[in-house]
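Trainee: Below you'll find the structure I mean.
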Amino acid sequence: MAEEDSVGECYAEIIVVRHGETAWNAERKIQGHLDVELNDAGRQQADKVAERLSKEPKIAYVYSSDLKRAFETAQIIASKCGNLEVLTDRDLRERHLGDMQGLVYQEASKLRPEAYKAFSSNRTDVDIPGGGESLDKLYDRCTSALQRIGDKHQGERVVVVTHGGVIRSLYERARPSARKVEKILNTSVNVFRLYDGEKWTITVWGDVSHLDQTGFLQSGFGGDRTSG
C-alpha cells in the first residue's frame, strides 16, 4: 500500500486487521465472545499479512482483542515486525451476541427466535437476549478503545487486531455518512489515522492483496451482520 515512510506528529496511524479464519467462520457458526482459535487456513493468512506488514514502515506497537483468534493473529504479526509484545484489550473483543453464540446462522431463527429478532433489528439500541450487546454498546466500547490507542501513539504506526463487527463500528465512526460496510474479510488491512481533536480518516480499506484468491473466505462471514 502506498504509505509514506514517516507518520505525521499530529496523528496516529492505526493498521486495523481482522483476525485469520477459524473453523467456525468456515462453518458459519456465530462466535461473538466464544473463544475459538485459528484453523490452518487462518494461520496461513496471518503469516501472509505479517509478512506484508514487516516490509512496510516500522510498527511501534501491536494491540489485540484478548480472544484467541485475534491474539494468535497478533502474535504472528508481532513476531515478524521486530518481536514486539502483544498488548491485549478486552474492549477490542467482538460484539457479545448472547443466545446467538454457538449457533449455525441459518438455524438461529428457529432455535433462538427472540435473540434472532433482536440481532436482525434495524434499531441500534436493542440488546440481544442472553447477555448480548446492542450495536450502540459495541460502537461505544470499541471506538473508545481505538481513541485511547490513538491518543497514546500520536506520531507512531501501530497495529490493532480485532473482529468483523468491531471494524464495522470503527468504519462508521470514521465515515458516519457513508453506506454501511457489507463484508470484512479475514486478515483484511484497514488503515485509520486518528488526529488531534478526535478526527478520524481512513486511508486504506479492505485490502487483502497479501492473500491468494484461494486464501480467504469469499463470503467474509463474520464481518457483516454476522459478527466473528
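Residue 1 is the first one shown; counting continues down the chain.
Using N, Cα and C of the backbone, Cβ positions are placed for all residues, glycine too.
Okay, these came from TrEMBL:
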| type | residues | note |
| --- | --- | --- |
| ACT_SITE | H19 | active site, tele-phosphohistidine intermediate |
| ACT_SITE | E94 | active site, proton donor/acceptor |
| BINDING | R18, H19, G20, E21, T22, A23, W24, N25, R69 | substrate binding site |
Trainee: Could you measure the widest C-alpha to C-alpha distance across R18, H19, G20, E21, T22, A23, W24, N25, R69, the residues recorded as binding substrate, and give it to a whole number of angstrom?
Mentor: 15
Trainee: What is the interatomic distance between the Cα atoms of W24 (substrate binding site) and E94 (active site, proton donor/acceptor), given in whole Å?
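Mentor: Just about 14 Å between their Cα atoms.
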Trainee: Using CB atoms and a 10 A radius, I'd like the single residue among the recorded positions H19, G20, W24 with the highest neighbour count.
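Mentor: Counting every other Cβ within 10 Å of each candidate, the maximum falls on H19.
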Trainee: Between E94 (active site, proton donor/acceptor) and H19 (active site, tele-phosphohistidine intermediate), what is the CA-CA distance rounded to a whole number of Å?
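Mentor: Answer for this pair: 11 Å between alpha carbons.
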Trainee: Go through T22, E94, our recorded positions, and report the one whose Cβ sees the most other Cβ atoms within 10 Å.
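Mentor: The residue with the densest Cβ neighbourhood is E94.
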Trainee: Neighbour count, 10 Å Cβ-Cβ cut-off, for R69 (substrate binding site): what number do you get?
Mentor: 31
Trainee: Enter the number of other CB atoms within 10 angstroms of the CB of R18 (substrate binding site).
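Mentor: Here the count is 31.
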